[in-house]
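Working notes, beginning with the structure itself.
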């Protein structure tokens, strides 16, 4: 068992253990979530069919321990990550007389986690919730750190709350049900954590590319969560150093948007890291050249690094980002392998920066 | 000028000053809300016609100072205190590219304040907002303390957030536009604060019942806000002593509900305080008899203290309250004039308690 304790505004454990779902009640009890509570499992249709069923391991384990279980299943996908889904969940909880001492379980990927977390933050002005991520991406990214939220018409994640979970449980067994491209999505974020703050992730990924090996993936994921823990503890509300986690993300969000979300998040992050690191080398903003190594790793995992959009298309999409204040934009720039820093540039200079990166990539 | 500084999770001032609306920009600037920001005034149709107009004092003052002003006006009333109103506000802010450094102004009564506060808490995971209450009730009650929220189908205030404002501005001038019964609503909460924690409010109210005197009302309101400040600083998230603010409220919420919200909040609180204090005296839970004095004050202000609902109707409505955990309910009981305490009873005993209070009232 791997246990990482996050000391944010709330203190909680991230538990990573093979077959952890079989002992969920015990883990909840250790996190002071006792079995006299009501629990509502919130999940989407796909994950429900794998891990949400009343006959399944999780439900059986929790109900045998005495928890009064409820379940709310919604249609998955970005188009349902909305205020109306949250409203429907809140109505469901109120109709079933959930109180401040009851709790929610987010069972699923990042969308389920974000929607459930925001519902937990908003119901009765805040109740507990537990993250049980069922993708590698959610495990290393959204399940830890308390950023919750939904999309608005104008863009992604524009509404939400900072609301930390009471516990995160990752059972590597869930990786068995993931197609390879979804494993890769998680690997992109894992490698990203390495580039930001932990060179050993890069070293290990370099020597071992067995993406079907759960033990290997769990070890890398734990290191990525450790990077996230440090950053979140330092800057929970994302006013400074937490922005380092956005390495590759300004461009990733733009690429996702331009593709109408046909390019998945992790794959877009891989492309984004490639472009940014190539541009940063060109601009001589890195202390040592970084793009070569970054591309080498990404290619080892067979990430397609082509970008079908022009710098002007990407710039336009990027400048709609919610984080832009005034006429400046903060980028995450690699300094060396395992270290990134924030650099603020004028929004007017963004297109030139992207062009420079994309041009440099062509020759690599 | 009266200034009360609230040191909650965020530190902010409550400013009470005749004609404060004429110097709103200056007050915002002192609260570090600078004029390079966008501001969105959120208000309802009625208040908009009094204080929200582009030609009005507030708008003129803020726009002349350089703020970029926006306005969102919604249909007032409990039936619009909903997730859909919040969603519409969030969409409006996103469409107008509000950023994390911009802010909202809640201009109105409690409903406007609660809806605006929850919108501010949720937009981009939290932006600043300023409360400008335009009723006495909102001034002494909802504008201070950061409880924000909306109703769900199943009941009032079931969704929301704890999110403190950055500044509260009360201009007593706004009282001119209030009908007498709305002034009384505010007086009920003001007197309540006195009964909880400040006997001088009761003494002053006893000697001076001129509800048309703004200076008198402002002084009493300041004392009530001071009581609220202390309680909120001690227990911001309402897990303990903040519940003292609910004196009379368990019954008030039940009475409002039974009346289908035709009996207003302050008037219901007056009735609730009368029943609870009569019952507490009967049960010998007070250290000195309190009901006599409490009734005397309420009658001086001509609060109608009859209750048209039976103990069983009130009990049923009260037990739907969100604060009930398990089979217990926490009541606020007067101990002496100017001091209340929490007392938890079995929900099974609530009807007897209410019956006892209503019976005792008949003979008073």
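Using the three backbone atoms N, Cα and C, a Cβ is placed for every residue, glycine included.
Copied over from TrEMBL:
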{"type": "DOMAIN", "residues": "B:72-183", "note": "domain '3-dehydroquinate synthase N-terminal'"}
{"type": "BINDING", "residues": "B:134, B:135, B:147, B:156", "note": "NAD(+) binding site"}
{"type": "DOMAIN", "residues": "B:186-323", "note": "domain '3-dehydroquinate synthase C-terminal'"}
{"type": "BINDING", "residues": "B:189, B:249, B:265", "note": "Zn(2+) binding site"}
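Distribution of TrEMBL features across the structure.
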residue : record              : DSSP class
B:134   : NAD(+) binding site : coil
B:147   : NAD(+) binding site : strand
B:156   : NAD(+) binding site : strand
B:189   : Zn(2+) binding site : helix
B:249   : Zn(2+) binding site : helix
B:265   : Zn(2+) binding site : helix
Fewest other C-beta atoms within 10 angstroms, as judged across B:156, B:265, which are the binding-site residues: B:156
Packing count at residue B:135 (NAD(+) binding site) (other Cβ atoms within 10 Å of its Cβ): 26
Rounded Cα-Cα span from residue B:265 (Zn(2+) binding site) to residue B:156 (NAD(+) binding site), Å: 12
All-chain count of other Cβ atoms within 10 Å of residue B:147 (NAD(+) binding site): 24
Whole-number Å value for how far residue B:147 (NAD(+) binding site) lies from residue B:249 (Zn(2+) binding site) (Cα to Cα): 15
Residues near residue B:189 (Zn(2+) binding site) in space but at least six apart in sequence (CB under 8 A): B:137, B:140, B:141, B:224, B:266, B:269
Residue pair residue B:135 (NAD(+) binding site), residue B:265 (Zn(2+) binding site) - Cα distance, angstrom, rounded: 13
Among B:134, B:135, B:147, B:156, B:189, B:249 (the binding-site residues), residues with Cβ under 8 Å to chain A, listed in sequence order: B:147
For the Zn(2+) site built from B:189, B:249, B:265, further residues of that chain with CB within 8 A of the site's CB center: B:137, B:141, B:185, B:188, B:192, B:248, B:252, B:266, B:268, B:269, B:272
